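**Student:** This is the feature table in TrEMBL:
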type: DOMAIN; residues: 10-126; note: domain 'Response regulatory'
type: MOD_RES; residues: 59; note: 4-aspartylphosphate
type: COILED; residues: 128-180; note: coiled coil
type: DOMAIN; residues: 196-454; note: domain 'Histidine kinase'
Ligand SMILES: Nc1ncnc2c1ncn2[C@@H]1O[C@H](COP(=O)(O)OP(=O)(O)OP(=O)(O)O)[C@@H](O)[C@H]1O
Ligand SMILES: [Mg+2]
């Protein structure tokens, strides 16, 4: 028996018989164990309140409370219930052994004691107890470590979330600034160009228009003079008569006024285009200005007119307008025009793609069309503009991303993926309105712009 193995453990012997007590004390003491003694149950229970032994050797028959009662009380007290109890019984008393074990004892030793057996049984129980305790300690330590780790992980997770949120906020701010820059750059370059062209057209058109009125009255005068000549000199001579016939004077007299008025119509049209271009490029002031939305849509259509025309690959794209009775809308019209251009240009792109995929018969039945409807919302609070095409529509996945910065399904030279994100910013952030998209794959797409009227 390895005494060192048992050393430092404390054993409490409870026995009223001094001889027994002496024998067992010696055995344990020799084995290097710390030994405490009590001569009855009561004093044993008192002792364990001050010193917690690692094991109790308990006699059964004692004056006062017997061993069974002592064991029951030890087991029912949480601070002593863990201490292993070994009963000391008389040889062959099975009943006592069974009762002791059922009360929570871990083993028994029989009198008269066999030294080796006693030590062996004690050692098994002490080893078991030490093992259980060290396991419990390790478990405790492990749980503390896990708790520490969880706390650390939670802190880390919180920090991470905070960081992600900040990065997201910064990225969003950056994107917004970039968008604003791109948008104002785009607007100012395009706007300047268009304003310049409109201005250049405006001057010559003004003097053609002004002079046409004079030309008309001079021609009228000349014709009157000619008529008077003809009346006063009915026979002007052969040369004049031949020339009159050659130039078909009668026809010229009849056609010239028509020619002049059609020139006037043409010039008026150029003037309107120039006005439209100026409307489009109108430099927006810092405050909103009440504007005619229909003029804005028309100027956008005018700028995109060349793209609506028939090409070798497809028939013309029809534009069906159904303008409601809109009041003047407080807005930054120059920027809204940009929105109209982006959405109509996208519709044209979608229709062009559809034309490639649809047969001539299908196109005849369902011609490429952009429908533009304007109306006031039911509660009279919003101006609503709907721009609808019967192109190829979008899948749900594309639809969920259309307003995303830099999202495009087009080849690099055709799309940058900025059009709708800029439009979204203009409608939602600049105007406090709403921009929504309804699309059905293979059928078409509708964009709805809602601008508050107040
Ligand atoms: N009317 C439409 N029909 C079908 N798809 C559309 C329509 N309008 C937009 N889309 C889809 O939304 C995407 C994003 O449109 P957006 O206008 O933002 O960018 P883009 O047209 O690709 O490029 P750009 O910056 O030149 O406008 C398009 O690439 C297209 O896939
Ligand atoms: Mg676009």
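Each residue, glycine too, has its Cβ placed from N, Cα and C.
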**Student:** I'd like to know the mean pLDDT over the domain 'Histidine kinase' (196-454).
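**Tutor:** Summarising the domain 'Histidine kinase' (196-454) by its mean pLDDT gives 90.
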**Student:** Per DSSP, what is the residue tally for the domain 'Response regulatory' (10-126) in helix, strand and coil?
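**Tutor:** Computed counts for the domain 'Response regulatory' (10-126) are 54 helix, 26 strand, 37 coil.
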**Student:** Same-chain residues six or more away whose CB lies under 8 A from the CB of the residue listed as '4-aspartylphosphate'?
**Tutor:** 14, 15, 16, 17, 20, 67, 87, 88
